[in-house]
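The block underneath contains the structure these notes are about, expressed in structure tokens.
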Amino acid sequence: MSLPRASSQHSSSPSTCSLIKRSSAPPLHFQSYHLSSPLNKRVLLSLPFLPLSLEKLKKGCSENCSAFGLLNSHGEKSGSSVFPCSSPPSLLSLKNFEGRNGVVCAAKHSNSKPLTGVVFEPFEEVKKELLLVPSVPQDSLARHKFADESEAAINEQINVEYNVSYVYHAMYAYFDRDNVALKGLANFFKESSLEEREHAEKLMEYQNKRGGKVKLQSILMPLSEFDHAEKGDALYAMELALSLEKLTNEKLLNLHAIASRNNDVQLTDFIESEFLAEQVESIKKISEYVAQLRRVGKGHGVWHFDQMLLQEEAVVA
């Protein structure tokens, strides 16, 4: 940016801010600072100068020279640039600033108001948030932008997770019987039951974290017998498990939709990161188990499938 050439009649005026003449070094940018104390003059030498438009510098000088400008005009056209000021400025010469010279122009009576204005006033903006802090002891202090509909949906999902866990626990007890003795299936459903219970506890923890109230609901009594005349017990139980996983996924998607409808970004992120991806993996794994059990039938192949589950669990452990 080329600076205008100054006329000689303004170069000696006491009401002008003069900038130094050109040399061959690259130009420095200038910025506005306040010279209300000698400390600012000393700190100036250690601060980087950010770009500021020429129009803003002119405006700053025209408003009672409330700030000073620093400019090294190296690389500009020859001559001095002159900006009028309404009060006699004080000059501060800066030398040896990375091998360049500069001049600081400031008024004697500078104010502390920045040229750009105040961007953030925390004590003013927090007033409306103070109204959201409840004074009733029974109300949550942590609750913020958490809809009642989302709170109720989380409680419903907690009940879903506990019910599924209860069914898996009944399957574990069935396959662990001495007259069934399919240890691989028993361990698989036991781990599945613990996983669903952990999901319920994770939802309870999140409910409390957001300021909601956990309300546990009743759990239905599950089946105790899983033998099927045509499919056998292993295939019947695994198909039931696949149906439960898909139902759980449907409930989670419904919870996610409720959170999205209430613009609860934090709840949607929680459901996506903690549940949805894992649910897809569970559906895929149990679907493969169902396909394999359909191939082997309900005879001797079930025992080999059970041994495969034991080996997979041993590798994971």
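Just so it is clear, glycine is given a Cβ too, placed from its N, Cα and C backbone atoms.
Look at TrEMBL and you will find E161, E196, H199, E245, Q279 tagged as Fe cation binding site. According to its DSSP assignment, Q279 (Fe cation binding site) is helical.
The feature domain 'Ferritin-like diiron' is assigned by TrEMBL to 144-297. The domain 'Ferritin-like diiron' (144-297) scores a mean pLDDT of 97 in the predicted structure.
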Residues near E161 (Fe cation binding site) in space but at least six apart in sequence (CB under 8 A): E196, R197, H199, A200, L203, T248
